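Here the structure is laid out as structure tokens; the discussion comes afterwards.
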């Protein structure tokens, strides 16, 4: 075999991906020249099925066919995309519904402001382009400005809000311009800011950007009868001088060109006073609007994506607590919560072998879907289902009907659990109890029902005090707080709560009848109290009704608030590994790089590395070899010893390949000479440099040039 041309040799200039390579596959024959040392970025195309024919699932059971593994891995990926697509669409709908009230308020304000401006003076189109102002009165030169208080410590949540606001205003006929804080900076000045404004309205921006160009555009037939809305999403980050100049310039033309401002404020409504000069503030006519608080938006999201089974994916008690703490640690940003939830969802589908069955909860006929899927599973994967801890504790028999029945039961109990939880929240919201707090307590497996229905609940029974959140001397829980709230609700509010309960419990006929009976009792008691006009009787009647409502709620909670962690096969739909989620969110890049280098063959599952067993294979990438050798040293590594060990591995690999080529008489290619000492040294230096760049080692100092210091330790 002839050597490839010299221009194919790798160089530092054209090798732009040195750190994405963990492995170079062992070829069937030895390369005939140094040109074959070029790093291969692809995995082996045909690994040995005997060595790679192992189950990748955490249970560690062997599978019958590697093709099945790849198939079900692809099914899990598709299930994740479908599940998260459903969750993401639900999130978008919820946030859009929350913001729609604010958007309508902004639109109504814009229409009223435009009508008031036109009521004072309605210039002709020819007058608009005149270079002098129409009015000189200071009061008539005030720009209508809507200050939107977002209450967000971080701007990341406001990006989508103001983007949707711009789309809403455009849809209703307004001309919309979005200016960012970067465009309103001292670097660009008022000229650059105004040019950006013109660029979003005019198709052809003139070289000299002034107000006359905007006036000419506004006089066109399709532009004259609508206001121009300038949206500034983050007022606090803008330059006060640049924004002040823009306000002063546009205020002179406000009755010719109705330009209105919408400014987002994250902190307090006093922010404009701190940012703008008094003269600029006098040119603004403020209107104060408020966006929903982050806690309100979080409650709506938790109800839509975690409480209601919208996508067939749920989280455990530990993960829920972590997400709640993560939300508050990141200044209550919805984006951080959604990011953490998406990562939890992806980890669940990547780790749980049977997670692709989650999408059965989205099907109209879930039982038929699960039955067909389970019947087509290989025996080894079916055994994985009945090896789940929840299935073992429930003493389920190993057959498909039992699993389908268990998943169907899980789906039904989840719907009942969701209905009861929403009833708790409806009562608790009158005492400012957050839904996420009730949710975290309701998914706790220690608070399961006192009368377990049958073998589907396998944990020990708990007392009523544990159910209400009082256990081992701990403080009173949120469920107990809701019970107390129900006992002291006024009659009018209690009647409204019962009406909402009847909606949430619509699918539970027995409980719904009891709610309607209590409603009729409440209405009858109200009529009696209206006739008697007795304060004492009113108080006693209210106490009795409240106690009945509290007893009903307590009974419903005891029977139907079954945490998902207490049900068989809950591992299929429930993500529980909070340590992996925390590690992925917080991040430890050095440790992950080191783990990938140390266990690269376990990820690649190639045949050339698996035959070496515990020994370091020479077919690994040089950096992976060096990282494995570094584990044999302490805080410092002797460069000479390190190089000697590296050289021994490389030469032993070359000698084996040489003997193999001599023992193959059918091959006509000449054996390749051993690799030169200079090339081995170059490979060694490159590997050490890569470890330094990735933060695994610190290079030698002038005082001790023969020692390298290790930075990362442990497996």
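Placement of Cβ uses the backbone N, Cα and C atoms for every residue, glycine included.
Automatic prediction, not curation, is the source of TrEMBL annotations.
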Region 'Disordered' per TrEMBL: which of the ranges 3-30, 31-58 is that?
31-58
What range among 657-676, 677-696 does TrEMBL record as region 'Disordered'?
657-676
For the domain 'Origin recognition complex subunit 3 N-terminal' (52-357), the averaged pLDDT of the predicted model is 83
